[in-house]
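Novice: One structure follows; several queries about it will come next.
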Amino acid sequence: MKIEENMELPVILVTSGVLLPGASLKIPIRSKLNIQTIEKYLTRSSNDNYVVIAYKVSTDKVYEVATIAYVEKLFGWTFNSTVHYSLDVIGLHRANIDKLSLPTCIVSKVVDLNEAISNQNAIEKLVTGAKIIASNSLTDKFSREIYSLIDEKEYGKLADLCVSQMKFLGFMQLLEFLGANGTDARVEMCIKWMNEKKDANTLKLKVPNSLEASFPVDGKKRKIPNVKNQVEQLEEKLNAIEFSDEVSDRVYSELHRLKSMNAQQSEYNILMNWLELVSSLPWNTSTIDDIELHKARTILTESHEAMDDVKERVLEHLAVCKMNNSVKGMILCFTGPPGIGKTSIAKAIAESMGRKFQRVSLGGIRDESDIRGHRRTYVAAMPGRIIEALKTCKTNNPVFLLDEVDKLYSGNQGSPSAALLELLDPEQNSTFHDHYLNIPFDVSKIMFIATANDIDRLEPALRDRLEIIEMSGYSLKEKVKICENHLLTRQLTKHCISHDYVKLERQAIVAMIEEYTMEAGVRQLERNVGAICRNVALRLAEALNSDPGADVLPVMELPIQISASNIHKILKNKHMKRVKIVEKMRPLPAGVCFGLSVTTIGGRVMPIEASKSKGTGKIVTTGHLGKVLKESILVAKGWLSANSERLGLGTLEDQDIHVHLPAGAVNKDGPSAGTGLACALVSLATNIPLRSDAAVTGEISLTGHVLPIGGVKEKVLAAQREGLRRVVLPKSNEEEYLKMDEDIRLEMDVVLAETIEDVIGAMMDKSPVLAKL
């Protein structure tokens with residue numbers, strides 16, 4: 001359709017952005033009037049999609065010059081039941097508008113100014129600036145348009161196209177240019193703005209920083225510096241890296257392929273991304289180890305309470321690294337319940353060595369490619385987590401934490417655990433192959449540390465490569481110290497509260513631990529301390545806001561006292577005080593015994609209940625018991641049947657026995673309940689109740705021997721938390737018991753038993769510790 005004067009065209013009113021002839025613009029449609037115009041005139045099937053872009057400069061005024069535009073694309077979509085539109089338009093002509101009666105207007109005059117320019121100096125400046133813009137254009141199409149206008153000497157249109165790329169110009173400046181009278185005026189304005197903004201970064205085309213060629217201001221031609229393209233910059237980075245011969249041949253072969261490719265080829269970007277990854281990896285960058293054992297001991301002592309055995313083992317490891325000047329062959333694995341400081345002690349190791357710390361979470365990973373990357377032939381292929389982490393930390397010898405290594409899963413996509421074998425094997429990891437990188441990378445300088453909650457879930461081959469360091473839960477005394485020395489300070493700092501404003505009494509900490517937490521670590525305890533700090537912050541803020549002009553706090557008692565008596569008012573509905581098993585089940589009937597078990601979150605007391613009824617000696621088990629636990633019941637029953645006459649115990653041969661372990665929804669398994677099951681059956685046979693203040697743990701044999709078990713400290717701490725005072729342990733676990741803190745050993749009456757007879761005797765007599773209480 002030919003645009004003529006006195007035509008009536010639909011109007012789109014805009015308040016930002018100016019469409020110049022020859023330029024394109026995307027216009028989001030927001031106003032109801034514009035939406036009505038589009039739905040009335042543009043949504044119909046028609047090839048004559050022309051509009052007038054009018055510019056609203058104030059509430060009641062529209063600029064006298066508008067732009068006639070062709071609607072190239074119309075986008076429409078629905079969001080929250082509302083229809084939205086967007087227009088892609090191309091500027092055609094300037095136009096004076098008359099009789100603006102929305103939604104249409106009458107075009108009174110079409111302005112196509114392209115007069116000849118007599119000022120040769122101005123032409124030279126304009127052409128030079130336009131060529132610079134074209135040389136750094138993001139598209140070939142735009143460059144061709146620039147050179148086409150130069151060849152055709154369409155200097156007015158050339159000025160329009162150049163100004164359309166100047167993002168630094170404001171709305172009113174662009175309107176002034178749109179309404180300028182004559183080509184000379186527009187060219188002069190274009191040159192003026194070019195000279196004012198000599199930094200090419202101000203253009204929408206985002207010219208690289210290295211281009212310092214400003215537009216000429218004195219009429220003289222200046223030499224435009226050579227702008228290095230992306231491939232040349234990449235080659236410079238690669239030349240600065242010392243590769244091995246094998247890697248160097250592969251890298252430069254791929255670089256040569258890249259240079260011979262056209263940028264439009266599909267493999268160009270894939271190869272470019274691969275080379276950029278290669279150039280960004282720390283092939284030769286290492287941090288210098290600064291291992292001072294005295295400094296390391298200080299860091300470990302200040303950052304962690306208790307765990308003396310663990311800290312000593314870490315110091316031994318650091319001493320070997322210092323003597324050897326190498327970390328090859330030693331991969332530590334901290335195992336224990338959540339929240340006891342496995343990750344933080346790994347950070348302390350990195351700090352004491354002067355190395356960077358990098359953590360990779362492996363929890364829930366099922367795909368081998370997450371570890372070793374995807375092959376480059378796949379769409380959206382990317383390197384594995386190991387290579388990505390090295391790219392992030394920018395050094396090839398960080399302390400690398402493989403967190404939650406026991407949470408790896410095997411599936412149809414391969415075994416992530418198996419993928420770790422090459423990474424953790426000192427004989428192989430000097431040539432670690434990531435599928436995406438596909439060239440050997442030396443990870444032997446990395447100090448690997450793993451963490452796990454349940455070491456039994458690790459595959460044997462992976463476990464064989466790890467040096468296991470067991471970390472147990474904290475006692476009440478240790479938790480109190482941790483809260484006073486670490487948690488409280490951290491939470492006060494986080495909430496911007498001075499130590500002078502709050503005092504957390506020790507008894508309040510004890511109350512939080514005993515009544516609000518049930519954990520081996522201190523995570524829930526820290527959350528409770530955070531809740532107290534938030535309450536204190538609220539009280540302080542309310543006091544300050546009571547008088548906005550006050551420079552000091554109003555009269556209030558400082559520090560704010562947090563005691564055992566008022567802590568329940570602060571934590572409120574977070575109060576989850578549990579009824580202790582001892583109090584709930586006292587007095588114990590015959591056939592009931594307290595056993596001890598250990599889980600990934602710490603130890604717990606496990607009641608064992610047995611009942612009998614007339615029958616034929618059948619055994620019924622309930623409580624979601626595993627195979628090993630069921631076999632322990634049979635062993636205990638077999639020992640009782642074989643020794644009842646010798647020991648003068650009752651018999652259960654003509655009785656049906658029902659054994660139940662409460663919390664039926666929880667899986668239970670393991671051999672350590674053997675002694676507890678034997679005690680429950682003996683109590684049932686003799687009709688004599690067992691002690692209600694004692695718990696027992698240990699595996700039994702058919703000949704009556706008590707065999708060692710694991711998790712001694714966690715089980716003793718669980719008994720202590722529940723108010724039990726006597727614990728019967730296997731004699732074989734005496735060494736683990738003696739390593740426990742003296743305050744725990746003095747508070748608890750621990751009996752070491754070698755046979756089932758010893759266990760039964762300890763579970764039925766009086767406790768000397770209980771007598772003192």
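Any Cβ shown, glycine's included, is placed from N, Cα and C.
Just so it is clear, the model here is predicted, and its values are computed rather than measured.
According to Swiss-Prot, the protein carries these features:
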| type | residues | note |
| --- | --- | --- |
| ACT_SITE | Ser672 | active site |
| ACT_SITE | Lys715 | active site |
| BINDING | Gly336, Pro337, Pro338, Gly339, Ile340, Gly341, Lys342, Thr343 | ATP binding site |
| DOMAIN | 9-198 | domain 'Lon N-terminal' |
| DOMAIN | 587-766 | domain 'Lon proteolytic' |
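Relative to the rest of the structure, where do these features sit?
Specialist: A sphere of 10 angstroms centred on the C-beta of Ser672 (active site) encloses 27 other C-beta atoms.
According to DSSP, Lys715 (active site) sits within a helical segment. Other Cβ atoms within 10 Å of the Cβ of Lys715 (active site) number 28 in total over all chains.
Under the DSSP three-state reduction, Gly341 (ATP binding site) is assigned to coil, being neither helix nor strand. Within the same chain, residues at least six positions away from Gly341 (ATP binding site) with a Cβ under 8 Å of its Cβ are His304, Met307, Met471, Gly521.
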Novice: Check the DSSP secondary structure of Gly336 (ATP binding site), expressed as helix, strand or coil.
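Specialist: Once the DSSP labels are grouped into three classes, Gly336 (ATP binding site) ends up as coil.
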Novice: What whole-number Å value do you get for the CA-CA distance of Gly336 (ATP binding site) and Ser672 (active site)?
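Specialist: Cα-Cα distance, Gly336 (ATP binding site) to Ser672 (active site): 18 Å.
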Novice: Tell me, roughly as an integer, the mean pLDDT over the domain 'Lon proteolytic' (587-766).
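Specialist: Mean model confidence (pLDDT) across the domain 'Lon proteolytic' (587-766) is 90.
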Novice: For Thr343 (ATP binding site), which residues in the same chain are close in space, meaning a Cβ under 8 Å from its Cβ, but six or more apart along the sequence?
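Specialist: Correct list: Arg359, Leu401, Asp403, Thr451.
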Novice: Drop a 10 Å sphere on every Cβ of the binding-site residues Gly336, Pro337 and tell me which sphere holds the fewest other Cβ atoms.
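Specialist: Least crowded of the binding-site residues Gly336, Pro337, by Cβ count within 10 Å, is Pro337.
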Novice: Rounded to a whole angstrom, what is the C-alpha distance between Pro337 (ATP binding site) and Lys715 (active site)?
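Specialist: Lys715 (active site) has its Cα 13 Å from the Cα of Pro337 (ATP binding site).
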Novice: Should Ser672 (active site) be counted as helix, strand, or coil on the basis of DSSP?
Specialist: coil
